[in-house]
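Participant: In case it helps, Swiss-Prot gives these features for our protein:
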- E246: active site (ACT_SITE)
- C280: active site, nucleophile (ACT_SITE)
- A146, P147, W148, K172, P173, S174, E175, D209, S225, I226, A227, T228, C280: NAD(+) binding site (BINDING)
Amino acid sequence: MQNQLLINGELVNGEGEKQPVYNPATGEVLLEIAEASAAQVDAAVRAADRAFSEWGHTTPKARAECLLKLADVIEEHAETFARLESQNCGKPLHCVISDEIPAVVDVFRFFAGAARCLNGLAAGEYLEGHTSMIRRDPVGVVASIAPWNYPLMMAAWKLAPALAAGNCVVIKPSEITPLTALKLAELAKDIFPAGVLNVLFGRGKTVGDPLTGHEKVRMVSLTGSIATGEHIISHTASSIKRTHMELGGKAPVIVFDDADIDAVVEGVRTFGFYNAGQDCTAACRIYAQKGIYPQLVEKLGAAVATLKTGAPEDESTELGPLSSAAHLERVCKAVDEAKALGHVNVVTGGKKVEGGGYFFEPTLLAGAKQEDAIVQREVFGPVVSMTEFDDEEQVLAWANDSQYGLASSVWTQDVGRAHRMSARLQYGCTWVNTHFMLVSEMPHGGMKLSGYGKDMSVYGLEDYTVIRHVMIKH
C-alpha cells in the first residue's frame, strides 16, 4: 500500500509520529503511516505557492488536459482504488466499483470541461471613455481537508474545481481513511507540475492546524463536522482566509398521504442506509403524514430488516461497518438515549452487531418527537427516525426547525404542493419523489450550520476563483 506523502512533485516518507490505519470490517491494523512533520507541512505549502505563479497562468486547455489524464488514470486503476477504499472504509466493494469510482472519474472530466467555459459580464464602456472588463482569477494556495466517509470522492470534489480554476492545492485526507488519497498522489505525481498538487497525512492538531493556518494559504476547503468547521473558521480568522464549508446535515424526508408508499420504502431503504448511513444527505429524518404513517412504519420496518450487513468483499453485502470504534460508540449512545425516552419504538435494529468490526444494525425508530435529540442531531449511522405530522404547515415548520440545511426531500403526487414545499424548505437541495441523487452539473452545498460554498457544477468552480475588475481609460 502506498504510504508516502506528495510534496513538491516527490513522494517522501512522513517525518512525524506514526499513526495506525484500521480495517473497520475487522478492527485490525492495515498499516502504520508517519505523519507529516511541521517542516514538511511548510514545505508543501511553499511548494504550492511557488508553483502557483506559473500554474495560475496556464491556459484552461492545459489545466483541462491534466485533469483528463488524471481521470483516465483513476479509471485505469479503478479496481485498485475500489479495493483500497473498501478495505479502509469497510464499504461494500461492489458499491465502490459501480457507484463511487465512476462518479469520481466524472467529476474530474466535468471540471476539465468547465475550466474552458467560464463566463461573466460582457466587457464594455459602462463609464464614458473607460472600458471595463471582468477577470475571474484563481485564489492561490488552497488547503483542502477531506472527510472519512467518502475519501476519494470528496478529494475529487475538492481537487477538481480548485485545480481547474488554476489554484495549487495541499490536501489532507482524514487520518482514518488516507489510503486512496495517497494512491492518488502516486499516480498524479507525473501528471501535474511539481508543487501544483501536494498530499499530506496526519491528524488535525499536528498537520491540519499548521496547514490551514499557514500564511501562504489563501483558502481553506473543508468537508467535516460542525465542530471542525467552527475550529477552522476561528483558527483562520486572524488571517482573513476564504473558507468553503460543507458541515453535515440531518435531511428531512417529508412523506404526504398521497405519496407512492412503495417508492418511499425503496428510497429510504436505499438512501437512508447507503454507506452505513455515514452520509450528510442520508434520508434519516422521516416525517410521515398521519394517514400514511402506520402503513409506512410497517412496510419500511420490514424492508430495513432485510438489509444485509457483512464482509465488504461479499457481493450480497449492503451495509458495511462504521468508520471506527469511536464512531460506533457514538452511534450506540445516540440510539440508547432515544430508546431511554420511552416513547420511541425500535421497529428493527437498535444495537451493534456482535463479533469483529464496527458494525451496527440497520435501525428504524418510530414515534420520535420533534424535540428529541434523535430528530435534532446528526447520528451519521444506519439509523432512521420517524415522526407523524398533521398538515403541510406543521411539517414545514418542523423540517426547518433544525440547525442543519443541507438536503431534504418531499414525497407527493401533488405538483403544486411539491413546488410550495420546495420554495420554503431551508435546504441547499430539495428532491421530489427521490433522494440522494447527485450529478456533476448541479451544485451541492448547505445553508445554516451545514455551511456555505458549493461543490460540483460551475458554481463550485466559481467558488475557487476571485472576481477582479479591470478598467482602462482611453
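Cβ coordinates come from backbone N, Cα and C, glycine included.
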Participant: Where among the recorded positions A146, A227, C280 do you find the Cβ with the fewest other Cβ atoms within 10 Å?
Facilitator: A227
Participant: Among all the protein chains here, how many other CB atoms are within 10 A of the CB of E175 (NAD(+) binding site)?
Facilitator: 19
Participant: Taking the Cα atoms as reference points, how far is W148 (NAD(+) binding site) from C280 (active site, nucleophile) in Å?
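Facilitator: That separation, Cα to Cα, works out to 12 Å.
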Participant: Measuring Cα to Cα, how many Å separate E175 (NAD(+) binding site) from E246 (active site)?
Facilitator: 18
Participant: Could you list the residues of the same chain, at least six apart in sequence, whose Cβ is under 8 A from the Cβ of the residue listed as 'active site'?
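Facilitator: Spatial neighbours, sequence-distant, of the residue listed as 'active site': L222, T223, G224, C280, L406, H444, G445, G446, S450, G451, G453, D455.
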Participant: Give the three-state DSSP assignment (helix, strand or coil) for E246 (active site).
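Facilitator: Looking at the DSSP assignment, E246 (active site) belongs to a strand.
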Participant: Using Cβ atoms only, which residues of the same chain lie under 8 Å from P173 (NAD(+) binding site) while being at least 6 residues apart in sequence?
Facilitator: A146, P151, A155, T180, A181, L182, V199, F201
Participant: I need the most crowded of these binding-site residues: W148, S225. Count other C-beta atoms within 10 angstroms of each C-beta and give me the top one.
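Facilitator: Counting Cβ neighbours within 10 Å, the top one is W148.
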